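Asks: I have a structure here, written as structure tokens, and I will follow up with some questions on it.
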Amino acid sequence: MSWGSELWDQFDNLEKHTQSGIEFVERYTKFVKERTEIEISYAKQIRNLSKKYQPKKNSREEEENKYTSCRAFLSTLNELNDYAGQHEVIAENLSSQIIAELSRYLTELKAERKSHFQDGRKAQQHMESSWKQLESSKRRFERDCKEADRAQQYFEKMDNDINVTKADVEKARQQAQMRHQMAADSKTEYSNFLTKFNQEQNEHYYTVIPSIFQKLQEMEERRIERVGMSMKTYADVDRDVLPIVGKCLDGMTKAAESIEPKTDSKQVVDSYKSGFEPPGDLEFEDYGPGQAMKRTVSETSLSNSRGEGKERPSGGKSKGKLWPFIKNKNKGSGPEDFSHLPPEQRRKKLQAKIDDLNKDIQKEMDQKDALTKMKGVYEKNPQMGDPASVDPRLAEIAQNIEKLQFEVQKFEGWLAEVEGRLPSKSDPPRRQSGLYETQNSNSSTVGNNCAQDRESPDGSYTEEQSSETQAKVTISNPPEVDDEFDDDEETLPTIGTCKAIYPFEGNAPLAGHNEGTISVTEGELLYVIEEDKGDGWTRVRRNEDEEGYVPTSYVEVFLETNAKDS
């Protein structure tokens with residue numbers, strides 16, 4: 001249906017309608033722009049959320065990434081970041097494919113509409129001008145006819161009047177003829193203008209205006225089609241990213257499915273396994289008259305040591321810990337050989353250090369090979385470079401390799417030592433009881449003689465304690481020993497007592513000492529017969545037949561007052 005034939009008389013309404021069409025395009029463009037802003041804001045918030053929950057470098061969260069559940073969460077965060085990127089793509093495509101395109105189109109549309117309506121107004125103005133000419137000729141024809149009628153009536157009056165001269169009558173006749181001629185000429189002019197006007201009017205309403213309205217109709221239909229295409233693009237922009245969004249969601253699903261509870265449980269074992277043996281069974285001790293039974297401390301409860309500390313007459317608390325490695329308050333990185341760690345963890349750290357050193361050696365070797373080849377090229381083609389210029393760097397690399405290899409040997413030695421000390425699964429658990437009797441008379445307060453950061457002979461954990469946290473405990477006189485033990489000239493007197501904080505397995509004699517080490521169990525109470533001389537070892541006695549050295553850091557020492565003063 002054509003606007004030109006149906007709406008030939010609706011010029012003003014069509015002008016309003018096409019203007020509302022332009023306003024609709026502007027409104028739709030604004031809608032897409034606001035959607036774009038929402039997508040940009042949403043993508044930014046999603047990215048910030050992903051960044052917020054990323055593990056911080058060298059933090060506890062980063063350390064936990066060894067667990068499959070934590071790695072799955074990290075993968076989810078990374079996929080979420082990519083997901084945010086797809087919303088940025090939506091915003092970018094909406095902006096370039098719709099907003100920018102419609103903005104350019106609106107400029108063209110407004111110019112085209114303005115041109116068509118200008119042509120329409122010119123056609124209307126021309127018809128109005130032609131109409132005015134027609135009306136003017138029509139009024140002139142009417143006036144000339146009236147003048148001719150009056151002249152004719154005057155002539156007839158003069159001709160019938162006997163008192164009028166013949167000359168006056170002739171004059172009146174000529175005047176009437178002239179007026180009739182003017183009326184005839186006006187009639188012809190009016191007829192010509194009418195014919196012209198009718199032709200122009202016909203052309204105006206059947207050709208000019210329909211042509212203009214047809215162009216407006218085509219313009220409007222293109223506008224509607226363009227808006228429809230933009231609406232389709234609006235959906236396609238979203239649809240185009242769905243495969244990528246689907247891959248992001250698939251990645252999240254795959255990450256969730258990669259979680260392995262048993263693997264994470266095993267990681268807990270690998271992370272915290274100390275390598276110490278669990279305590280063995282206690283032996284039955286029969287009671288006999290005049291014979292004191294051995295006193296032992298429970299290895300399965302923390303409450304005992306706490307209670308024991310509270311019962312000290314002086315009010316001091318024992319610093320000893322029944323559980324190894326409950327918490328190390330020393331914030332330092334520990335000694336180079338990781339001797340502050342339990343055996344299993346120490347072995348893992350040493351192995352990791354060796355692996356890193358070997359990687360560094362391989363890098364240096366690769367550089368050495370590259371420089372050697374370069375030197376060979378220079379030797380064959382002196383114009384490319386001086387072979388001697390490579391020698392300083394080669395010498396430096398050789399020194400680096402030698403240092404790294406020395407470091408590897410050092411750490412491999414420590415690793416071999418640790419692996420040799422680790423108990424095998426077939427070894428039966430061992431546990432021994434120690435003799436320790438206390439009395440609440442003649443008590444005094446002494447400091448813990450446990451040294452800080454000392455390395456044990458087997459390279460295992462040594463408790464680190466600061467002077468601020470040294471326990472002050474009250475002890476009684478040491479228990480009496482057999483007369484035969486006192487009479488022996490080689491038998492050293494006891495200077496105090498000690499309690500084993502951790503289990504220790506003795507073996508070969510120490511260098512510089514006749515005696516070897518002695519095995520102790522956690523919580524066992526022993527006699528101290530020789531203080532630590534600065535070598536990290538304390539000489540203890542279990543009974544008259546068993547004495548030897550234990551790591552000072554493995555025991556909590558209680559010296560007698562006179563021994564401490566001396």
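Backbone N, Cα and C atoms are what each Cβ position is placed from, and that goes for glycine too.
So TrEMBL lists these for the protein:
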- 257-267: compositional bias 'Basic and acidic residues' (COMPBIAS)
- 352-368: compositional bias 'Basic and acidic residues' (COMPBIAS)
- 419-430: compositional bias 'Basic and acidic residues' (COMPBIAS)
- 435-451: compositional bias 'Polar residues' (COMPBIAS)
- 462-477: compositional bias 'Polar residues' (COMPBIAS)
- 480-491: compositional bias 'Acidic residues' (COMPBIAS)
- 1-264: domain 'F-BAR' (DOMAIN)
- 340-417: domain 'REM-1' (DOMAIN)
- 493-560: domain 'SH3' (DOMAIN)
- 257-368: region 'Disordered' (REGION)
- 419-492: region 'Disordered' (REGION)
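Can you tell me where each of these features sits in the structure?
Replies: The list of residues near the compositional bias 'Basic and acidic residues' (257-267) in space but at least 6 beyond its ends in sequence, with Cβ under 8 angstroms from a Cβ of it, reads 66-69, 71-72, 75.
Tertiary neighbourhood of the compositional bias 'Basic and acidic residues' (352-368): same-chain residues 338, 394, 397-398, 400-401, 404-405, 407-408, 411-412, 415, selected by CB-CB distance under 8 Å and a gap of 6+ residues from either end.
Across all of the domain 'F-BAR' (1-264), the predicted model scores a mean pLDDT of 89.
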Asks: Can you count helix, strand and coil residues in the domain 'SH3' (493-560) using DSSP?
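Replies: The composition, in the requested order, is 3 helix, 34 strand, 31 coil.
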